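Q: My questions will all concern the structure given below.
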Protein chains: 2
Amino acid sequence: MSEENIKLLKKAGLKITEPRLTILSLMQQNQNKEEVTHFSAEDIYKMLLEKGEEIGLATVYRVLNQFDEANILIRHNFEGNKSVFELAPEEHHDHIICVDCGKVFEFNDEVIEKRQKEISAERGIKLKTHSLYLYGKCNNIDTCDENNK
Amino acid sequence: MSEENIKLLKKAGLKITEPRLTILSLMQQNQNKEEVTHFSAEDIYKMLLEKGEEIGLATVYRVLNQFDEANILIRHNFEGNKSVFELAPEEHHDHIICVDCGKVFEFNDEVIEKRQKEISAERGIKLKTHSLYLYGKCNNIDTCDENNK
DNA sequence: CTGACTGCAAACTGTTTGCAGTAAG
DNA sequence: CTTACTGCAAACAGTTTGCAGTCAG
């Protein structure tokens, strides 16, 4: 699997370095595992520390920015001040964020996607990207149940 | 009109002070005038300075936060790091932001609103709010024409 | 009067940058 | 070799907070 990551970095014109490979595989690990898949720079930095990796916070930021530009991952600005990142998915999706427990759900809706294009076109705007975040309270039993009564 | 603003503040449990009235009317002035209606704290602070008002930046932030909590205005996190504020509109609307000139367009679409509710309901999530931002290139002749060729 | 409010400066958080050393190609 | 990359510390931007004085109710 590391082979593919090396290809990814090369395609982005980036040298193959340990921090980049480490961060990349770290984000891939939690994929497809019902795990959290959205991380802040700080999150990633801490995970690296726990693994005993010697990677500076500045490097984490630099790598994340490079990955963002190379479309290897996507930057989100949920409510709050900091950016969170997720691996660029095969297919676009939008997000539902639980305001109580912070859990992130994903969805993709054809109807909404279509309307967005129509609305932009009507106004003569060339749609580049969009961000749609729904904020609500989920029914996570552990953390959110009280709030749903 | 100041009468109504006083009512607004009272309803929010806030004392009637000059900074609050000034900031409130400042944001109202540019409304319904094809003018920019989305301001950062810094924007507002500068406009106040230009008017010769003696209001500290910290106060601007405090007032904006109080107004946000009182639903007098709405905070947005467009791309980038800072918050921008607009007066809470009568009817909800979403935004299109031009990535070249920064102009903000507003729209409201029943189809999208409806789908959002359905999607949340399907997942057992109580939808509180949402943010939908479309980013694209507008056809503003002054600043954006080159980019649309 | 009294607590809410204000301005100022200092503190904080998230992020970027300058620099000198290190390593990939 | 040469240039991109890294870690560190310092710098930054946006925002919040502690404090002493002021003002609305």
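Just so you know, glycine gets a Cβ as well, placed from its N, Cα and C.
Bear in mind that the values here come from a model prediction, so they are computed numbers and not experimental data.
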Q: Quick one: which of B:H38, B:H130 does TrEMBL put in the Fe cation site with B:H92, B:D94, B:E113?
A: B:H130
Q: Judged by the number of other CB atoms within 10 angstroms, which among B:H92, B:H130 is the least packed of the binding-site residues?
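A: If we count Cβ atoms within 10 Å for the binding-site residues B:H92, B:H130, the smallest count is at B:H92.
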Q: State the Cα to Cα distance, in Å, between B:C101 (Zn(2+) binding site) and B:E113 (Fe cation binding site), rounded to an integer.
A: 27
Q: If you take the centroid of the Cβ atoms of B:H92, B:D94, B:E113, B:H130, the listed Fe cation site, which other residues of that chain have their Cβ within 8 Å of it?
A: B:H93, B:N108, B:D109, B:I112, B:Q116, B:L132
Q: For B:D94 (Fe cation binding site), write down the residues of its own chain that are at least 6 apart in sequence and whose Cβ falls under 8 Å from its Cβ; none is a fine answer.
A: B:E106, B:F107, B:N108, B:D109, B:I112, B:S131, B:L132, B:Y133, B:L134
Q: Rounded to a whole angstrom, what is the C-alpha distance between B:C138 (Zn(2+) binding site) and B:H92 (Fe cation binding site)?
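A: Roughly 22 Å, rounded to the nearest whole number.
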